[in-house]
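Undergrad: TrEMBL feature annotations, pasted as is:
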- 30-35, D54, 62-65, K78, 123-128: ATP binding site (BINDING)
- C164, C167, C422, C425: Zn(2+) binding site (BINDING)
- 553-562: compositional bias 'Low complexity' (COMPBIAS)
- 563-577: compositional bias 'Acidic residues' (COMPBIAS)
- 580-597: compositional bias 'Basic and acidic residues' (COMPBIAS)
- 17-423: domain 'THIF-type NAD/FAD binding fold' (DOMAIN)
- 432-526: domain 'Ubiquitin/SUMO-activating enzyme ubiquitin-like' (DOMAIN)
- 543-603: region 'Disordered' (REGION)
Amino acid sequence: RASDDSSTAHAIVMDIDRDVIARAKVLMIGAGGIGCELMKTLACSGFQNITAIDLDTIDVSNLNRQFLFRKRHVGMAKSIVAKESVEKFRPGVKIEAMKANVKESRFDATYFKGFDVVLNGLDNLEARRHVNRLCLAAEVALVESGTTGYVGQVTVHARGTCACFECTEKPTPKSYPICTLRDTPDKPVHCIVYAKELLFSKLFGDTSKGSDLDEEDAVEAGAFRRNDGESSHDFAKRVFEYVFGTKIQALLLKDDMWKNRTKPTALTLAGAELEGEFSESDPSAKSARRAHGLIDPQIVWTQSQCAKVFVSATARLLNRNSVLEFDKDDDDAVEFVTAVSNLRSANYGIPPQSLFDAKGMAGNIIHAVATTNAIVSGLITLEAIKILHNKMDQTRYTFVMQHPSNGRLLQPLAKEAANPKCVVCGNARVELVCDTNTFTKQDLVDRVLKKKLSVNEPSIQFGATILHEEGDGLEEDEIEQYEALGARALTALPSGGVVHGTILSISDYSQNLDFELMVTHREEWDEEKEPEGFLLRGEEVRAKEDDVEAENADGVASAAAANDDDELLIVDDEVQLADDGAKRKRDDGDDKEDNVKAQKQTC
């Protein structure tokens, strides 16, 4: 800590009891970039009882910075391999490793109470919020962390002592209107989101769900319906014809759309060299691009190469015969997105991207620096040692800077006080503003409680009436009853309906979370500025609205950030479809990168 009148730093001296460290029960969540370094640092610092939870498996892209893994470990569970690697050089350490989702019901508040401190190295905001709530319920101190390239942060959170992780509003992902993505893209990222969230989901996702590509012309033409006996390659070529040709020709007929825009250009099978029988130079290659001899991920493919990769990747993904979600570590999926994005770019005169750059956009990747992870893991361990020695007053936030500030790359800050208006630790009231005549109960559950507030298993009570419940122990007839209410507008719900001024009680027993949600009715909405069709706010949010609106008026693009260990910058590992006019303040301690999200918007 630097003194006020000198640049000379001096340390806080603390006697360390090695027995306290050895006896401590530590729960670390995440065994990726930070997690690998953290497990090693804990073991080398004298910790003897470590439990590690991580859902992920090792990918070859992890090997350049997650040094507990080797090439032979690809496809294996991160937490288990990390444990085995550490035990080789610290055989006396007791490590319990689990390949599991920390949101599973077995990891409840009672489970968390079995630990002296919890250390987070998680890769998404939703899971971090969940762990924060369990730590509050269990009254166990939490040490949070994150890195992005050369910068990182470590923060400490504990009930009754300082702010919880959710006391400060976290940035939300950047979003784009559906009409921009589908009809009038003008940036490479628009093409990436179209490929990843619209076309990939339409072709390979859950067919029971509606899609914004299900326009009347597409449905009538059966553009995305594979015919009986049609080969996967032939179907892919037919999709190519519709998406990059027929659809573009139809848009060109809308003269008003192009008064102030450059008209797109339709692509043809002939121009893309797809006429005739389709062939690959190496059908046995392990990915679509390699089947056409495209090895270097840094080069930008030609239009013909993109078309061929599109057909091959589409066929390979279809031939898996399963419902798929985009995965940045799936070569065929990433190559499909790259090819589609570049073909859309050819339609609209947008610069094409290399596979390397497209993967970075689609996976929202800031390439990690192993040294930053090591520094942050050391800082986590220091804060954990303070907590275990009952020196909570000496714990602090520390930020790792890319460039020196006052001659230092580590910037310590005092912990923030708890926010009395925090919904999670302060039990404040949240306000939902929506059109209660059209906003449904399912909208409330999926879009508000789960998506916006990260409630895991929400229960909704209106007076003495339970409108919704989730979790174990529900009878089949109860589940059917709650599902039947899903499509009802709020005003059509039992007990007189949810109307202007109604206060709902929201609970989540898996997170030991309870708060009130007040509903405010509003009929008129600006589809450009408020594409979600609802607002969610508390007293602290309401105070910020004027600033947000001022920023929107200036046309500032939203600064989105995600919260992850060292690489993935997608908050929920998914992309929403939404407006790109809102700007959210950055949280200086979180990983920073534009997350590509969108919210359904009528155009």
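Each Cβ is built from the backbone N, Cα and C atoms, and glycine gets one as well.
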Undergrad: Among the binding-site residues listed here (C164, C167, C422, C425), which has the Cα closest to the Cα of D54 (ATP binding site)?
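TA: Considering only the listed binding-site residues, the nearest one is C164.
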Undergrad: In angstrom units, rounded to an integer, how far apart are the Cα atoms of G30 (ATP binding site) and C164 (Zn(2+) binding site)?
TA: 19
Undergrad: To the nearest Å, how far is the Cα of C422 (Zn(2+) binding site) from the Cα of E126 (ATP binding site)?
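TA: Roughly 16 Å, rounded to the nearest whole number.
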Undergrad: Can you grab the distance from C425 (Zn(2+) binding site) over to E126 (ATP binding site)? Cα atoms, rounded to a whole Å.
TA: 16
Undergrad: List the residues of the same chain that sit at least 6 positions away from C164 (Zn(2+) binding site) in sequence and have their Cβ under 8 Å from its Cβ, in sequence order, or write 'none'.
TA: N132, L136, H157, A418, C422, V424, C425
Undergrad: What other residues of the same chain, not counting C164, C167, C422, C425, have a CB atom within 8 A of the CB centroid of the Zn(2+) site?
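TA: Here the nearby residues are L136, H157, A163, F165, E166, A418, N419, V424, G426.
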Undergrad: Round to a whole number and give the Cα-to-Cα distance in Å for the pair E126 (ATP binding site) and C167 (Zn(2+) binding site).
TA: 15
Undergrad: Mean pLDDT over the domain 'THIF-type NAD/FAD binding fold' (17-423): what is the value?
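TA: Residues in the domain 'THIF-type NAD/FAD binding fold' (17-423) carry a mean pLDDT of 92 in this prediction.
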Undergrad: What is the interatomic distance between the Cα atoms of G33 (ATP binding site) and C167 (Zn(2+) binding site), given in whole Å?
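TA: Roughly 26 Å, rounded to the nearest whole number.
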